[in-house]
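As structure tokens, the structure follows; a few thoughts come after it.
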């Protein structure tokens, strides 16, 4: 009898590994195809048609005098909605309201409110919004660190914690409490809660800010599950860097768009995504950072980056 070749000797379990490989390849192929189809649905076919005066004559925007908030106010006015602008500075509110009224020929209303002082404002805001048919609420107002910092070394820590929680968390809950009943009564409405990519995973040295934005994301997705069957859409918007004063970025780039470019893109995702990065390059970054990069690696990279930013800030401060 001829001696069997080693290649002909069966290896236990080799067929199992082959089948597992086929299953894995098919699974990854289907997942990639689904991502491409879903991406085309959102980024190519999305039109944002759900957002406009047909769901309510008025839109309410917090943090409305600069950056993303101002861009939302302008884009919603461009779509024919009257705008309630809520922010801290009466002078800036008057200026932005005048610009919007003259440019888009819509009605405007202003409410000056410091969201860092919650006991003083919500009764006044409720009175200011009474009897308005509010179709859209944009919870945009927010505050971050002056620079990346270790938790216990944050300047004026006790007051900073109160301020950040009141502005980034309490405002979202309270404004939703004021506006949602009217939307439910009419069976339609859109609430856009501006979170941050910093809320997608912990960001060291911006820990409190990151945690507040994670709250906004979870709050939004939970509310969407509760109220979507009643005609109200709640969306969590998680931008990466946008060229705003808050981000301290002056010049827009392809991955750091102007607020206007970002908002036009983000509004096109309403009704298509409950949780959105709002802008195609940001969506790609979000997919990479959550699907391909382990959370532990993302945290380590965030720590390294923010330690560098902190060192540069402190060096400049020392030179002044």
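Along the chain as shown, the residues are counted starting at 1.
Backbone N, Cα and C define each Cβ position, glycine as well.
These figures come from a predicted structure and were not determined experimentally.
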Matching range for Swiss-Prot feature annotation, transmembrane segment, among 147-167, 168-188, 189-209: 189-209
C-alpha spacing of residue 196 (substrate binding site) relative to residue 64 (NADP(+) binding site), in angstrom: 17
From binding-site residues 60, 68, 72, 80, 84, the one whose Cα lies nearest residue 209 (active site, proton acceptor): 68
Assigned element (helix, strand, coil) containing residue 64 (NADP(+) binding site), judged by DSSP: coil
Cβ neighbours of residue 72 (NADP(+) binding site) where a neighbour is any other Cβ within 10 Å: 29
